[in-house]
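A.B. asks: Pasting the relevant annotations from Swiss-Prot:
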- HIS82, HIS183: heme b b562 binding site (BINDING)
- HIS96, HIS197: heme b b566 binding site (BINDING)
- HIS202: ubiquinone binding site (BINDING)
- 32-52: transmembrane segment (TRANSMEM)
- 76-98: transmembrane segment (TRANSMEM)
- 113-133: transmembrane segment (TRANSMEM)
- 179-199: transmembrane segment (TRANSMEM)
- 225-245: transmembrane segment (TRANSMEM)
- 289-309: transmembrane segment (TRANSMEM)
- 318-338: transmembrane segment (TRANSMEM)
- 345-365: transmembrane segment (TRANSMEM)
Amino acid sequence: MRMHNKIQLLSVLNTHLVAYPTPMNLNYSWNGGSLAGMMLASQMLTGILLAMHYVGHVDYAFASVQHLMTDVPSGMILRYAHANGASLFFIVVYLHVLRGMYYGSGAQPREIVWISGVVILLVMIITAFIGYVLPWGQMSFWGATVITSLATAIPVVGKHIMYWLWGGFSVDNPTLNRFYSFHYTLPFILAGLSVFHIAALHQYGSTNPLGVNSQSSLISFGSYFGAKDLVGALFLALVFSILVFFYPDLLGHPDNLIPANPYSTPQHIVPEWYFLWVYAILRSIPNKAMGVLAIGLVFASLFAMPFIGLGGGKFRIITEWLYWTFLADVLLLTWLGGNEITPITSFVGQCCTAYLFFYLLVCQPLVGYLETQFAHGTQTN
């Protein structure tokens, strides 16, 4: 008798990771889930090791990071593995989300899969932001000041929330301690949400490029797609190694190599690159409250996508074309978010933001509905 039949936990793992029936026509764009899980495990491991050397105090935080880099054996590799691992984690998850949008992977009956995925993305963003503050560099400090002050846009309770986040009347030691605590805790919540995400997916099974719910063309995941995922994992490990060992500061900001100074504001305050598209939307709207509302509306639209969209754009020509314009729009917003505000970048940012909402709130439901009606009319004739 096999061991996994004797031990319940091994039986569950075998059912969901080895014997799980998978459509045989999946391509490499379906590697995102396993690669994201690999990066989450890497981030948790390196984060726990970094926490052993980090000091959560405004007077020692920056020095403790420098001590880790110079005095701890392999400390530099550990720090850069965590920093660049966050970037690769977001790249993998963004590609995973974009694949889901393209193929309509969140369409009914898989709404819970999509919604739980958006929740995971939100928790990732919060975790990464508060982690960016911990080195207590110049950009960390001022980024925390700018982003936490957005809470004042909330009517009535906004200032109270901001002061609670700060733990006082400015970003200081209580803020750093709270962020350190949250940053250590949230990855474990992410792991739990990931398990729920997988469980929701396995309830109805994986989608496929054709969008056909077939129960006949299925093969076990472990024997075949495990090897395919291994190829993706090796490629990701190669990119990861190149970043860590050859270009460790490529995706970072040089101002964060300077200790935080509350009396000197950086010329251009920017978050990490994977938040730049959100930052560009926020900057394109002059009113703070409306900017925060716009960000909330973006994520509300993502939550509502299984209900307002009518499947992916793989076989819908207009939807597919609009999808690629949406992707170009997000990339342009990312570029704009990393540049200083000028009349031209401000105008282009407003145009890109307007198109983003036009795509999410108008194109998704309307064009999908019109294409469906046209297809039904063609079949009837």
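Along the chain as shown, residues are numbered 1 onward.
In case you wondered, yes, glycine gets a Cβ from its N, Cα and C as well.
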A.B. asks: I want to check the contact list for HIS96 (heme b b566 binding site): same chain, sequence separation of six or more, C-beta distance under 8 angstroms. What comes out?
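C.D. replies: Residues satisfying the criterion: GLY32, GLY33, ALA36, GLY117.
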A.B. asks: Whole-number Å only: compute the distance from the Cα of HIS183 (heme b b562 binding site) to the Cα of HIS202 (ubiquinone binding site).
C.D. replies: 29
A.B. asks: Quick test of the contact rule: Cβ under 8 Å, at least six residues beyond the ends. What residues does that give for the transmembrane segment (113-133)?
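C.D. replies: Distal contacts: 86, 89-90, 93, 96-97, 100, 105-106, 139-141, 143-144, 147, 175-176, 179, 182-183, 186-187, 189-190, 193-194, 196-197, 200-201, 204, 271-272, 274-275, 278, 299, 302-303, 305-306.
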A.B. asks: May I ask for the residues of the chain that lie six or more residues beyond the transmembrane segment (289-309) and have a Cβ under 8 Å from a Cβ within it?
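C.D. replies: That would be 101, 104, 106-108, 110-111, 114-115, 118, 121-122, 150, 153-154, 278, 281-283, 353, 356-357, 360-361, 364-365, 368.
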A.B. asks: Under 8 angstroms, Cβ to Cβ: which one of 32-52, 76-98, 225-245, 318-338 has the largest number of such pairs with the transmembrane segment (345-365)?
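C.D. replies: Comparing 32-52, 76-98, 225-245, 318-338: 318-338 has the most Cβ pairs near the transmembrane segment (345-365).
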A.B. asks: Among 32-52, 76-98, 318-338, which stretch has the most Cβ pairs under 8 Å to the transmembrane segment (225-245)?
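C.D. replies: Most Cβ pairs under 8 Å with the transmembrane segment (225-245) come from 76-98.
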A.B. asks: Using a 10 Å cut-off on CB atoms, tell me which of the binding-site residues HIS82, HIS183, HIS197, HIS202 is the least crowded.
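C.D. replies: Each of the binding-site residues HIS82, HIS183, HIS197, HIS202 was scored; lowest Cβ tally within 10 Å is HIS202.
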A.B. asks: Tell me the Cα distance separating HIS197 (heme b b566 binding site) from HIS82 (heme b b562 binding site), rounded to the nearest angstrom.
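C.D. replies: Cα to Cα, HIS82 (heme b b562 binding site) and HIS197 (heme b b566 binding site) are separated by 24 Å.
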